[in-house]
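Taking it in order: structure first as structure tokens, then the write-up.
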Amino acid sequence: MDSQVRQNFHRDCEAAINRMVNMELYASYTYLSMAFYFDRDDIALHNVAKFFKEQSHEEREHAEKLMKDQNKRGGRIVLQDVKKPERDEWGNTLEAMQAALQLEKTVNQALLDLHKVGSDKVDPHLCDFLETEYLEEQVKSIKQLGDYITNLKRLGLPQNGMGEYLFDKHTMGESS
């Protein structure tokens, strides 16, 4: 059944938003996996775990925001299966941050692709929504992860376990 509030909302935009919801849920699921990996008794980097748990929550909120906007515009939410994270073991903090950086770049590219669909279908509401709610935040996340990777390397990772401990205690502890 078609929505009575739908206006200037192309079916391609609606489908692309549903795919983006799935991407955000996948990112949330991946960050949740990372969080509980670093919370294990044999890893015990609790501030790193907390950081990844916060990232998971943020990605889930992004998915919910997209779904809310989909409903507001008169679109229909069609959820897909969420793929499991690419791995279960995340190695050291440097490896996990590098994986997180790649994930954020993938999410950012998906958002840019969604923006292009909105632009191609002349949907200023979608473009404004993405520009206001997502794009700047993605750039900030990518920069933050890049900074963390630089500092982890500076501390001697992956060879230096003490550097990983200090990063967890001081860098991640301060951002809590």
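In case you wondered, yes, glycine gets a Cβ from its N, Cα and C as well.
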Per Swiss-Prot, E59, H62 bind Fe cation 1; matching candidate in E24, E89, E95:
E24
In Swiss-Prot, the Fe cation 2 site includes E59, Q138. Which of E86, E104, E174 does it also list there?
E104
Inside 8 A of the center formed by the CB atoms of E24, E59, H62, which other residues of the chain have their CB, for the recorded Fe cation 1 site?
M23, L25, A27, S28, E58, R60, E61, A63, L66, V107
Can you grab the distance from H62 (Fe cation 1 binding site) over to Q138 (Fe cation 2 binding site)? Cα atoms, rounded to a whole Å.
11
Which ones, of the binding-site residues E24, E104, Q138, have a Cα no more than 10 Å from the Cα of E58 (Fe cation binding site)?
E24
